[in-house]
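A.B. asks: Dropping a structure here in structure tokens format, bear with me for questions.
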Amino acid sequence: MAELALPRPTGMRPLPFGLALSALGLGLFALVLMRRPDLPGAAFDLDELLLWHSLLPRAATALLAGAALGLSGALLQRVLRNPIADPSTLGIAAGAQLALTLALAFAPALLALSREGTAFAGGVAAVALVLALSARRGFEPVTLVVAGMTLSLMAGALSAALILVRGDYVFALFIWGAGSLHQQNWEPAQLIGTRLALAAGATFLLRRPLGLMALDDAGARSLGMAVQGMRLAVIAVAVALAASVVSEVGVIGFVGLAAPALARVAGARRPDAVLLAAPLIGALLLWITDSLVQLTAGNGGDLIPTGAAVGLLGGPLLLWLLPRLRAAAPPLSVPATPRRRWRRPGRALAGLAVAALLAGLFALVAGRDLDGWALATGPLLTELLAFRAPRVVAAAAAGGLLGAAGAIMQKLTGNPLAGPEVLGVSAGAGVGLAAALLLAPDAGPGLLLAASAGGALGALLLVLAIAAATGFGAEKLLLAGIALGCMALAILSAFFAAGGPGSFLLLAWMAGTTDRVDLMQAAILAACALLLLLPVALAGRWLSLLPLGAGVAGSLGLRVAASQLLLTLLAAAMTGVAAFFVGPLSLVGLIGPHLARQLGLNRGAVFVFASALIGALVLLLADWLARMVAFPYQLPTGLLAALVGGPYLIWLLQRGDRHG
Amino acid sequence: MVEAAAPAPAGALWSLHETAFTAGDRAILSPLTLGLPAGRVYGLIGPNGSGKSTLLKMLARQIAPTGGAIRFDGRPLTAWTGRAFAREVAYMPQFMPASDGMNVRELVSLGRYPWHGALGRFTAEDEARVEAAIQRTGLSAFRDRAVDSLSGGERQRAWLALMLAQGARCLLLDEPTSALDIAHQMEVLAILRELGDEAGTGAEGGAMTVIVILHDINLAARTCDGLLALRGGRLIAQGPCGEIMQPENLRAIYGLDMGVMAHPVSGAPMSYVL
């Protein structure tokens, strides 16, 4: 099993760190208490009511939920030997949330029966899927987390679609989903508390086997431990903890990730010390965040849900940790060897182009009407073209741009798992969009498009800067992207929670609906696609050299920084423009390059163009399906692409080692 | 012992003047003045952490010295443009990056980048150079094989072929043999030795200049014309192999009592630990 490890911390004393954190928590809570509204005396004491039935239970819930998440994260990190595992990165939280959303939309009786049980089932299903998929790679940390994050994205897309379909009824779910800690009573605190006590007891009993888990499987087994059984039992405990938190207060990411990491940085070295310190730090972390949220709250309620705030604080924390994370593993081995080679890649490209063209024609002509399937011809076609042509053009252009952007990012980073979705670039585009909607509610499409591209550029530059500072390790780059993506999504949930006219627009954007595209926009998009794709032809040699790393590329005389910057700008512009039309979730930026590589078209500019054509093909197909599957209703294209592409991608991930 | 701080001779291919590298307040390489004439194979030896790789990286312009200056062919390194320098000097880092799914021919053709640049045509001359480099390293049979699927020795030769295709007159290699078994080590070193012997591989009809970091002192003595010994960031000995391969020098370099004897067949000096 490959491993990442945090280096032995230096200089920081655990006790002062804990005391400082506790003091900060107490101080902030005192401020919260002092700021509570001055209520005029009545028949009963409102002040006492507020204190006993809102503020104190809220603090207790924050402390207990934080501790539960911290313990859950510490357990997962220990049994998977993966310092970046936690309920959110493994998809457990998203799975639990999706289960609850599904239940609320389709089977509310289930929730009445057991919210926690429903959430637990979702969490178990998610983690089982993620583990099954990464088992063939020996639960290698980054594969595991990429599978988990992909699953989270898909679950998120499904939730967004459900909310779109069911409207206001489930909209409140988003606020809950973003982890609001508002309390009316002690019930959630009690529920989480009992689960936490049970799990703490189990952890105490299992502390010796857990200590052995620090060895590799063979070592632990040779000392007489049933490794797999032990691992499954501990994972079940961790999922149960996370599920109880999700069912009571919603998704709160990062605490499970940050608490054990902070414990280690603060000087907890032995396994049992981490397992003890992580819940304590997790509790303080969530409590502090929640107090901050309450202190910044206006009269209308919290400005942002606590879960989103944790994301905002946790993202930078993870980024700060990254350079301190020492990879104890050989760099991610890249199964990049294609099965075949083309003597004339130009012909293969032409074939792909013809296929994309045919798919476009098919999408224009074939369809369903009220009587069934039909090929439109003549006047009917002319009539339908006005509706179908913009969507088909937009889908093809956006797919092409995303595929090309993914291919460029993979060459830039020398990492076959990089892509606009995984590196947080698409989510960055969303933040740009949200900012524009917030600052200029009447913004036209041009401004929104520019804002989207600007957000994507900011995100990509940040990720690349972090990667450069940490030496462009494949793992670190992906982690930086994941952290950034989580942060961006936290910002977006805060935007949703604030409500307002922009939030439904943004929600539709998240799901990736193309039905609002008019002919003008489609034409602009197509022009952008051509304009951005053509320069790639000139950069073919850069794209061949850069994956070899700055050292080799530089010693061959390439101006590394300049070429990287230019390609970065290009990829960011591509992502920003495309994501504006199909949302952040489509996964086309990963699928296009993957398929291109499978086809043996993995060299230089050919790789980028092949990825673009495949991306266009995939999105054309997704768009057509989105129009046809639930006819006469239309599903969001980006969502459909993610739902088709996600499983395919995960399947690719787990079979990737066959020729690695 | 040969004096380290001899003034740099005029006309040396490489001349270093008070070149130093410090990280924070730790001196990785103390100020070093040195001249290296063209057309020889130099072995850079010394214990771990002695500054060998740092010195080589500075020569390759991978890192900039924190003090002093380095001149190549009479011009300061900073005055060279990237591609012009790459046409003169080829560098192989200690750890090879993954080769991104390329086959041997594709990898070796990358060595022509300094000549044709981002947009220039890949000419018949380029083609011929690539082919010659593949022949030279004995990889003709592997031309269309993926680099990742080659054995360690073959992969090392593929990267060496890339350097040869570069058409440089100076090669810098950081432990090219570290991961290889003895047979593959000899293969790679034999190619370097040939390059150092053959007229016409370097500039103006002279032989190629090679600077190579080697851990095995005996292999270094066997392969190189001269040795440069570093310890603790200082050049403590420099000279022909026979002069360096003396018990007192080896003790100064490695801090270990070592003896020297003649190779039973070739008569070249061989060291052994006492």
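Just so you know, glycine gets a Cβ as well, placed from its N, Cα and C.
Residues or ranges marked as transmembrane segment by TrEMBL: A:15-35, A:55-76, A:117-135, A:274-297, A:348-367, A:421-440, A:446-470, A:519-538, A:545-562, A:568-592, A:604-625, A:631-653 (among others).
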A.B. asks: Restricting to the same chain and to residues at least six past its boundaries, which positions have a Cβ under 8 Å from a Cβ of the transmembrane segment (A:421-440)?
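C.D. replies: Long-range Cβ neighbours of the transmembrane segment (A:421-440): 146, 149-150, 153, 405, 409, 447-448, 451-460, 462-463, 477-478, 480-489, 491-492, 495, 502, 505-506, 509-510, 571-572, 575-576, 579-580, 583-587, 589-590.
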A.B. asks: For the transmembrane segment (A:631-653), name the stretch out of A:15-35, A:348-367, A:545-562, A:568-592 with the most CB-CB pairs under 8 Å.
C.D. replies: A:568-592
A.B. asks: For the transmembrane segment (A:568-592), I need the partner stretch with the highest count of C-beta pairs below 8 angstroms, choosing only from A:274-297, A:446-470, A:519-538, A:545-562, A:604-625.
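C.D. replies: The stretch with the most contacts is A:446-470.
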A.B. asks: So, do the transmembrane segment (A:55-76) and the transmembrane segment (A:274-297) meet, by the test of 3 or more Cβ pairs under 8 Å (sequence gap 6 or more)?
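C.D. replies: Stretch pair touches.
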A.B. asks: Assess whether the transmembrane segment (A:519-538) lies in contact with the transmembrane segment (A:604-625), where contact requires at least three Cβ pairs under 8 Å among residues 6 or more apart in sequence.
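C.D. replies: Yes, the transmembrane segment (A:519-538) contacts the transmembrane segment (A:604-625).
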A.B. asks: Against which stretches of its own chain does the transmembrane segment (A:604-625) lie, if we need a Cβ under 8 Å and a gap of at least six residues from its ends?
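C.D. replies: Same-chain residues near the transmembrane segment (A:604-625) but 6 or more away: 345-346, 348-349, 352-353, 355-356, 359-360, 362-363, 366, 391-392, 395-404, 406-408, 411, 514, 533, 536-537, 539-541, 543-544, 582, 586, 588-589, 591-593, 595-597, 635, 637-638, 640-641, 644-645.
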